[in-house]
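Before any comments, here is the structure.
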Amino acid sequence: MTGTTSQNRTNTVSATAAKSSPTTLFGLVLVGLLGLVVLMMFSGSGIAQQEAPPVVEQPVLVVPIAYQTQYAKPYRATGKVESNQQALIGFENGGKVAQILVEDGAQISAGQILAKLDIQRLEAQLAELTAAQSLVEAEVRLAKNTKERVVDLVSRKLDSAQRLDEVSENLNIAQARLTQITAQLNTVRLEVKKSTIYASTDGNIIKRMVDPGAVVGVGQPIFEIASNTELQARIPLPPEVATTLNQGDFTALSVGNISLNGQLSALGSQRNLRTRTLDAFFSLPANANVLVGDLVRANLTVTVAQTGAWVPVSALANGIRGMWTVLVAQNTGETLLESRTVEVIYTDGDMAYITGALQTNELVVLAGTHRFIAGQKVTAALYSQLP
Amino acid sequence: MSNTDKKYPWYTMFVRSGHLLSLAIIIVMVAGLSAINNLPRLEDPRIDLRYTLVLTFFPGASAERVEALVSDVLEDELRELYEIKKVESTSKAGFSLLTIELQDWVDNRTNQQIFGKIRDRLDDAAERFPEGAMDPIMEDNRGATAYTVQYALSAKYPDTSSVNMVSRFAQEFADNLRNVSGTEVVNIYGAPVEEITVSIDPNKLAVVGLTPMDISAAISGADPKLPAGIVYTDNLNLRVQVAQELSSLDVINNIPLLEVNGDYLRVADVAAVTRGYQSPRQTYALLEEQDVIFVAARMQTSVRVDQWTEQIKAQAATFEQMYGASVNVDIVFEQNRYTEERLSELSGNLLLGCVVVMLVILLFMGYKASWIVGLSLPLCAFFAVFSLGFFGESIHQMSIFGIIIAIGLLIDNAIVMTDEIRQNLLLPGMSRVGALVKSVNHLFVPLFASTLTTILGFMPIFLLNGNIGDFIGSIAISVVMALFGSFWISLSIIAALAARFLPKSHAENTPWYVQGLQRPQISNAFQMLLKKGLTKPLQILPIIIVICIMGFILAGNLANVFFPSADRDQFAIEVNLPVGANIESTYALTKQIHQKIKSYEGVEQVHWLIGSSIPTVYYNQVMNRDNSPEYANGVIKVDTMNRAAQLIDRLQFDIQAAFPQAKIVVKAFGQGPPIPAPVEVDIFGPDLVVLEEIGRDVRLIFSQTPGISQSFASISLNEPEVIVNTSRDQVSLSGLSLNDLSLQLQLALNGVVGGSIVEQTEEVPIRVRISDADRSDLTSLAALPLASTQYDINNPFLQVSALGDFSVVPSLTGITRKNSERVNRIQGFLLQGVPAVSVAQQIAAALEDYQLPPGYSIKMAGDADKQNEALGQLGTYAPVLLVMMITTLILSFQSVRFAIVIGSVAILSVGLGMLSLWLSGLPIGFNPLLGCAGLIGVAINGSIVVIAAIKANPKAMSGDTDEIVAETMSCSRHILSTTFTTVGGLIPLLLFTAGSFWPPLAVVLAGGVGFSVMLSLVYTPILIGTLCRIRQRKIVRAEQKRLAHR
């Protein structure tokens, strides 16, 4: 590139005349450098060197706890509605059933005829005895007439005293026979009466067990009737719950959607081996629109005397060896969290009744314990103060 | 141009044949344009699938049993496969999840085979499972890739339409989308599992002495789905079917259970039969306030995202036409929008770069040179894009990223060649062809050396494998092909154009736009100064060296954000209630949080998935939460990227303060490999209780470290478990065994499935369980009647409370293992903009004094780990490549000294790049590192050209100051052009691009190139001159000695 060089050489000679050139050069270079520096400093939307990021202090809500001396535990039990008077009734005799006058589910009133046995045999006996009665009545009349005649004869000394005694006793015999027959007749009539079943109380026929024409034995149940005037609920309860109830107390019961007030009338005295419960009987109000056999639910509350405090389950955090802990803030504002071990006496899934290393009015972390560790610095605020 | 019998070298054919020249240009342009049209287009490179998940259900087992009997067995079987890099497992109550990561060298050609092997091993392992454990399910399509498009379907009349209807519509829609060509996979999220529920009143059941199992058996028995056989008559084969299948709810209601005296007890008497879904639901999906079902589709890698999205939208429009009266179809997310934005932004930058190049060259070399050089940029870019196809790459932000890095390098070759030819043409007596030959001869070796050195500098990235390699390998491919293209295009097409069209001589008053600006005063002044400097090297050189070294020192104070943020207008939010919370409470909380988020200005859309991870919208999101009713995940879209940056921290604080019952994490999307959390500490050891305690201590340290917003532990004991306190004696009095008791409770609470109803293509199972009212709290559980062998009609109610009371104890949430060792993973999330690596270093420092019990160890994971992995992989080949680079330089210049000078220029230019980074205050990371590689290429190019010029001049080689100065001057014009074009072309990225992805890169490139002008024009000539003079003196002295000894 010798050509260029010589050209430049000639230019150098003339350049000495332009003395201002170094400053122009310096000026240009300086401008260029500064421009570059400024460009660099303004790049990236001015993301300057960041100040050290802060230590994030988590906000936390706390609530003061209050100890109580007892707590209420709900207990739900289910039982059945029964009738106070529910019985299986039948004939006192055996025989063939002639008539059944009511069907299943029929309403009955006290004294109503329900069923009749076949009384043909009894009627035959009745006819037999009635005929016998007529016979004996005739004998009594004869004896009476005979006695009157003989008394007349004896008074006119026409007959012996012996004859008088004979006819008197004959009259007695005939009268005694009449009494006997009458009594036999009454017996058969009683049997006829007992071949009918009468309703003993108002109520319903639960079940008719026998059809007309069947031959039944003594005491075989024909009907199951239940009184609908007095219903009761039999609810099995564990003894520890049952003993908290007093006789005569009213309890809220529910059958389906209907709510009732039942009054405790009796408690069973023997514990059922399988279900470990006692039966509690609640008498239901008379106009309750329930059926025998309906399922009745009782929502009872059992008060247990034990000191503790209620906290929401979300305030519990895990501890070692299966124990629970809660986190406690020493004060509101900036504070450190402490971990205290507690024991859960009872929980229903949403709230827990606890006792443990806590004092009344200490501030317990309400929720979100999975965010925190004991010893962490937080900003605590009272729950009610939430904006 | 006379074409006599002179023998021209072959590379002059472009200048001799105009046809060849124009054809070459046209071919390159057409190739590039067709590549742009046909190459698949995505937002991010597709990472080859190296992950797979194995899910195993073991209902009823505790976490410890799942770990010992399922997870351990699976891990043992898989341990023997050498293709597996890492197995992580999580064992929760009833559920085991294994994540298998394959080795880095596995890619899409070999992974299916390996998955097949794994499946075989899983089957082997399943034989050793205990009774009750189900077969393992392998899910291998949850790759590290985002869904390309997401739709939300919802009922138009939500009060009267059931969610089951929407679910069936969603399935139909998903099938439609699968039919679009180019669809890889379509998944549905947030849909309920349809079932017919038979809700029993347990007390009614107890009265009659039945169990839920009996009812289920009765229903299955009444479902005659088995074929009853065929009757073969003489003419026909008649199929026999017993009665009708279960076809409606009425039929189920009438199924008889008991018969007494001709009276039937039917299902309807003891239970309510409803059509619904499995309750509680596994997932809920929300879009704004509405319950929806998400349908997410992913595109194959061989298609263009814009075309595919058009087809999908057309399909959705057809669907809406047919069913739009009953169901709403809304698009929630489309990747195409972001791809278009990204690509148009980048092409805009390329275009601007072109314009700047042409302007600068106009100033320096005249208008003809300006359009010649201006043409080189699109030509090289087209060549690079075209060659992507040969490597199986697609057009995505990484490949375009590569081209942008290479801009400075591309035009450098062209400028150098053009300037050289321009100067040669001005020599008197030089023909055009002759100028071309001279220039090519002179510049071939230097340009080759510089190009090869730069290519070798990018080779470590090219050779990376694994997830990182898949992701950034395409950058290296783009750069390397762009450089390669630029090399041969400059030597052939550009040189030919320059030789043909540049002016051969200048008249005295040629205007500036023909020959470029001439300011003799400045050049003369510079010449003088340079001459002075050559004589006093020890004054100038140290100053320059000190400035460069300062850059390194100052950069040590910069923050380290290795993986830059993604600069997106979306970010994610995670809501964690304590483990054990049910999905209904999470749902209610999420709706409240949603309302609060919407109250902020700039929030456009929020969509949620409750119960598991939301379908991904960004490539490195991890979908790692399944079966988590206490978890909700949302994606918030705001109007601008800056708004996102503002809101992320604000939302983190505000929402956490407003909803203290949940752990809230608001996080931005960042680049880099998919990791669950930026900061992670892994504690290894045998005992769960001790691990949990150490984990708590580490979490305390996390809470005291600045910048950490939340921390999570993977092994914790916070889940409440109800224990029925009873004994064998107590239960046997009631005629039960403990196993019976658990079985009955399970059947009552979870239910048992038996029988099904078939409706066209849907088969709906029938589940028998107790009604929700009876299983909703502990009091109801206590009142639940049980069935036993001793059925007593007078006292049928055997309640659970009769057998024992309840206590609630904390239990294990899950056991995590890594490579069969129990590990407690403590994960921390950061405030926005806080560099993960710095925080990790702080935590590591705090942990140094922590005493671990024997048998336990701590390891850092997260970003810091990934950074080390990345740097380690990059450094694997570094020594070899370094040696190759030095060898290239030495061979090109036949001189070790010159090679060392160039090496020193490279190192010093990096120092200048670091200085610029320090000036801008931006953090160091992966992008600046890449920028340095590009910077080195440009810087040494300048020095190489100066050295080549000096070498060609024997007088300069002998140390003649004037000659050295002259040679330097001859290179000054194009060095300055390169500098100005590089800096100018990067100005949009420097000043007008928001975010933290592009600016650090642009700063290093622009600043480094800008400041390294002084390296090329001052440092190199002075140093070379000094070396030459020293050598000359040695030669002279040796000569003198020789003469003296004669």
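Cβ from N, Cα, C; glycine included.
Summarising the annotation, TrEMBL assigns transmembrane segment to B:20-39, B:346-364, B:371-392, B:398-418, B:439-463, B:475-499, B:540-563, B:874-891, B:898-919, B:925-950, B:975-998, B:1004-1027.
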Considering only the recorded stretches B:346-364, B:398-418, B:439-463, B:874-891, B:898-919, state which has the highest number of Cβ pairs under 8 Å to the transmembrane segment (B:371-392). B:398-418
Can at least 3 Cβ pairs under 8 A be found between the transmembrane segment (B:1004-1027) and the transmembrane segment (B:898-919), with each pair 6 or more apart in sequence? yes
Hey, would you say the transmembrane segment (B:925-950) packs against the transmembrane segment (B:346-364), going by three or more CB pairs under 8 A that are 6+ residues apart? no
Under an 8 Å Cβ to Cβ limit, what residues of the same chain, 6 or more beyond the ends of the transmembrane segment (B:346-364), are close to it? 370-371, 373-374, 377-378, 381, 397, 400-401, 403-404, 407, 411, 415, 418, 513, 516-517, 973-974, 976-977, 980-981, 984-985, 987-989
Taking B:20-39, B:439-463, B:898-919 as candidates, which has the most Cβ pairs under 8 Å with the transmembrane segment (B:874-891)? B:439-463
Same-chain residues at least 6 beyond the ends of the transmembrane segment (B:475-499) whose Cβ lies under 8 Å from its Cβ atoms: 11, 14-15, 21, 24-25, 28, 369, 372-373, 375-376, 379-381, 383-384, 387-388, 391, 393, 398-403, 405-406, 409-414, 416-418, 421-422, 425, 432-433, 435-436, 439-440, 443-444, 447-448, 451, 454-455, 458-459, 461-462, 930, 934, 937
With contact taken as 3 or more Cβ pairs under 8 angstroms (pairs 6 or more apart in sequence), are the transmembrane segment (B:540-563) and the transmembrane segment (B:439-463) in contact? no
Please give the sequence-distant neighbours of the transmembrane segment (B:975-998): residues at least 6 beyond its ends with Cβ less than 8 Å from one of its Cβ atoms. 345, 348-349, 352-353, 356-357, 359-361, 364-365, 404, 407-408, 411-412, 415-416, 419, 561, 564-567, 640-642, 645, 671, 922-923, 927, 938, 941-942, 945-946, 1005-1006, 1009-1010, 1013, 1016-1017
If one takes Cβ-Cβ under 8 Å and requires six or more residues beyond its ends, the residues near the transmembrane segment (B:439-463) are 9, 11, 409, 413, 416-417, 420-421, 424, 469, 472-473, 475-477, 479-480, 483-484, 486-487, 490-491, 495, 499, 873-878, 881, 884-885, 888-889, 892-893, 930, 933-934, 936-937, 940-941, 944-945, 947-948, 952
